[in-house]
Every structure is written in C-alpha cells, then in structure tokens.
Amino acid sequence: MALTKIFLILLLSLLGLYSETVKSQNCDCAPNLCCSQFGYCGTTADYCGSTCQSGPCRVGGPPTGAGLVGNIVTQIFFNNIINQAGNGCAGKSFYTRDSFINATNTFPSFANTVTRREIATMFAHFTYETGHFCYIEEINGASRVMCDQNNRQYPCAPAKSYHGRGPLLLSWNFNYGACGQSLGLDLLRQPELVSSNPVVAFRTALWFWMKSVRPVLNQGFGATIRAISGFDCDGRNLGGVNARIGYYRDYCGQLGLDPGANITC
C-alpha cells in the first residue's frame, strides 16, 4: 500500500511538471525578452542564444530578423556600401563597421532589439545622406553656420558652425546641444567632434534615430523619410525620395526582406 502511494505521488508530480512545461511553452514574452527553447522568457544566453524561439534572439535564433546588430551589419554588408564611395572620399577612411558597432553598444535599447528591417531602413538613409559613406559633413557646410540665436537653452558658441555632420547630418545648435547633453559630450563648444571621431558620429545618428525615427518605424519606410527629411516629401524632391527608396529596397533584398507597404512619402 505504501509503495502504491509513493507511485501515485511521483506520477502526480510528473504530470504537474509536464503541465507547467507545456504552459510555459506558450511563450508570450515582452518585446524585450527572448523565448527560450523551453518556452521561458529572459535575456541571457540561455534564452537568447542558439535555441531562442522568438524575441531579440542572438546568434542562431530563428530567421525573424531580430538579433544582435553585429550579426545583421556584417563586414560584407558594410563593405558593399562603403566600397561604392570614391577613393578620394574623406568618409572612406573615417567610417568603419567597428565604429558603428561600438556606437550601438552605447545604445543597448537599440542594439538588443534591432531588426533586419530597421537596419535596412537606417542604412538606406545613411547611404543617401553621406553618398555611400563618402561625406563626413554636408557639402559646403562650413558656409552655413546654422545657429538659431533665438534658442537660449542651447546658445551657439563663438565662431562655431552647426552645419550637418555625421551619418544623418546632425544640424543646428539646438540639436547639437540636446544630443551632446544626452551623450555626455559638449557638442555646442566642440561640434567638430562629430566629424573627427567616427564613433561619436554614429552615436549622434543613433541619438536622432531613437528620438525621431524609431517611433515611426511601424508606419513604413515613407514615415522615416518624413521624420528625417520632411521637406523632401509631398512631391517636393521626388529624386531624393526615390533614391532613398531604392537604397531601402536594395538592402531589404540583401537581408532577405520584403520592403513592405507605405514606402514613400
């Protein structure tokens, strides 16, 4: 009789464990958590590693597009872009994949949740703004001081220019000021840091991206054009808009994605 009771207890325990395992495999993790092979949510390698089912999976996860940024922006992907810049381009010896990866490491909320579509979108804009990473700052930018003297929160420093610099051409004193404040850099007094340090350059682009572009990603590529360069939309610069779309389609193809809907503005 005692053996029968022990057997029943063990059987019920196993059934309970099985039930809990099945329940856990119905993974409904938060967007920032990975679903492990056993259906549990977490952020460590046990959850986001090679057996990850869904979420921001890392190496070897399912082909959902989510994963560490370095696994999406490979050296080949980066080289395919920058190699199209001419040999005389200043950016060709300035921008590197490593500097981009290092910059993303300072934005963990980006690096740990980025998708292939977001990379295709981002690098389409990088390509357009910099001419395949040819330009570090906007053409003839030094002739455009771009100082809003009415902005008292971020006053312009004497003899400094706030023309477009970096992969997304950070411009105007109020953007340099807010960006520098966020990054812990005095970009109001040293705006040239953006064009002399490639990691800083990419960090400024990521700052603008997280603030103004990522919030509209789910609206389609067209919404990101409007967020970055709204004055090009509504037929005002069809050539520029179509060029951005062309790069986006190209990178979607390289990353195995359909461009999706709402790609123009």
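Glycine too: its Cβ is placed from the backbone N, Cα and C atoms.
The disulfide bond recorded by Swiss-Prot for Cys29 joins it to Cys41 [selected from Cys41, Cys48]. Taken residue by residue with DSSP, Asn262 (N-linked glycosylation site) is part of neither helix nor strand, so it is coil. If you measure from the Cα atom of Cys29 (disulfide bond) to that of Asn262 (N-linked glycosylation site), you get 28 Å. When the alpha carbons of Cys35 (disulfide bond) and Asn102 (N-linked glycosylation site) are compared, the span between them is 27 angstrom. DSSP gives Cys29 (disulfide bond) a coil state; it is part of no helix or strand. Within the set of recorded positions Cys41, Asn102, Asn262, the entry lying nearest in space to Cys34 (disulfide bond) is Cys41 (CA atoms). The average per-residue pLDDT of the prediction over the domain 'Chitin-binding type-1' (25-59) is 63, rounded to a whole number.
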